[in-house]
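Q: For reference, TrEMBL lists these features for the protein:
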BINDING   HIS134, THR135, LYS278, ASN287, ARG296  substrate binding site
BINDING   HIS170, HIS215, HIS270  divalent metal cation binding site
Amino acid sequence: MKPLAVSMGDPAGIGLELAARVWAERQGAPPFFFVGDPDALSRASARLGLAAPKFHVISDPAKLGADAGTFNVLHVPLAMEETPGEPDPVNADATIGAIEQATAAARAGHACGVVTLPIAKSVLHTADFGFPGHTEFIAHLTKDDAWPQARGPVMMLAGPTLKVALATIHTPLAQVPASLTRARVIDVGRIVGEALRRDFGIVAPRIGVCGLNPHAGEDGHIGREEIDIINPAIASLRAEGWAIADAKSADALFHDAARATYDAVIALYHDQGLIPIKTLHFWDAVNVTLGLPIVRTSPDHGTGFDIAGQGKARADSFRAALAMAWSMAEQRARA
Ligand SMILES: NC(=O)c1ccc[n+]([C@@H]2O[C@H](COP(=O)([O-])OP(=O)(O)OC[C@H]3O[C@@H](n4cnc5c(N)ncnc54)[C@H](O)[C@@H]3O)[C@@H](O)[C@H]2O)c1
Ligand SMILES: N[C@H](C(=O)O)[C@H](O)COP(=O)(O)O
């Protein structure tokens with residue numbers, strides 16, 4: 001298989017040092033190349049006290065070098081030298097360009113998938129980045145590519161004992177109930193079920209769903225979304241053959257015994273799903289985009305500006321993101 005493409009992320013965050021560290025300690029990691037600025041990567045290596053990597057810098061992903069001791073870099077230069085912990089919108093175009101070029105490399109078959117290092121959305125918004133995050137941006141970049149299954153994007157965070165998918169992603173809390181239509185819940189259920197089969201090799205996936213209201217609405221006494229929208233959508237999914245249970249109280253769906261009843265659970269809004277997974281698996285969960293024609297994963301954490309450049313950032317989640325993207329690409333190659 002071709003290597004993975006790793007996009008640089010915000011150069012003021014911890015992404016550069018994660019790439020530098022994992023390259024230096026790459027034994028056991030899947031092959032990957034970097035999409036970004038090689039000088040920034042050298043500076044990150046130096047800050048960690050690591051030897052400067054030997055680079056093969058290219059502007060065409062078809063020209064990746066084959067020497068395992070050389071770090072391939074698809075060149076996306078920064079506009080200005082980074083200052084760890086101090087993001088600057090002047091580098092936003094390079095941050096966005098790295099995501100575009102990594103995605104283009106995967107679409108063209110030069111990479112088996114994309115692993116994105118973290119971006120700060122607020123910084124990119126100042127540069128007119130019109131997307132809530134990578135998830136929607138990469139879906140946009142791949143929207144014209146053939147995809148025979150239900151098309152995402154759906155955000156999933158996947159850890160060793162929990163996979164949680166989101167029915168709404170970066171939606172302001174006040175807008176969540178109106179965003180939860182039957183059609184949306186049905187789409188998300190299909191995308192999650194197909195991804196569990198295709199990308200995770202689970203032949204007969206079992207899916208759980210969180211209620212929106214306390215106690216999943218208590219039979220309509222404290223909210224009717226479960227009765228009017230969520231459970232009818234779930235019934236439609238069951239009629240299609242999916243093993244998906246009616247919405248249950250979200251507060252009781254994440255303990256050990258509850259997690260044993262499903263392969264993935266659909267949470268209805270960002271923090272409902274991300275609080276439990278980041279509590280259980282902050283160090284080793286992976287953010288994965290479901291329903292895309294290309295494989296895309298990311299560490300579960302953000303830019304870590306408060307610790308950037310200090311050598312404190314743990315690389316476990318980035319390593320897990322590389323491993324998961326590689327495994328998904330293998331699954332797709334076998335299909
Ligand atoms: N995949 C992504 O691109 C992604 C994911 C989440 C958040 N973000 C962005 O990151 C920015 C900061 O978000 P935040 O502060 O909520 O979350 P964060 O994950 O950056 O930081 C939360 C806390 O965890 C610590 N931390 C994060 N990663 C770590 C690591 N690898 N090792 C050790 N400690 C680590 C940080 O130092 C901080 O104290 C936001 O702009 C957000 O949009 C991006
Ligand atoms: N919601 C994610 C999280 O909190 O971990 C994160 O913001 C990443 O979003 P994108 O992968 O869409 O950039």
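Indices start at 1 and increase along the chain as displayed.
Keep in mind that glycine also has a Cβ here, set from the backbone N, Cα and C atoms.
I would like each feature placed in context: is it buried or exposed, what are its neighbours, and how far apart are things?
A: Mapped onto three states, the DSSP output places HIS134 (substrate binding site) in helix.
In the structure as shown, the Cβ atom of HIS270 (divalent metal cation binding site) sits within 10 Å of 18 other Cβ atoms.
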Q: According to DSSP, does ARG296 (substrate binding site) sit in a helix, a strand, or coil?
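A: DSSP call for ARG296 (substrate binding site): strand.
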Q: Checking proximity to ligand 2 here: which binding-site residues out of THR135, HIS215, LYS278 have their Cβ closer than 6 Å to it?
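A: Near the molecule: THR135.
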Q: What is the separation, in Å, between the Cα atoms of ARG296 (substrate binding site) and HIS270 (divalent metal cation binding site)?
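A: If we compare the Cα positions of ARG296 (substrate binding site) and HIS270 (divalent metal cation binding site), the gap is 19 Å.
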Q: Check HIS170 (divalent metal cation binding site) against DSSP and tell me helix, strand or coil, would you?
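A: Assignment for HIS170 (divalent metal cation binding site) reads coil.
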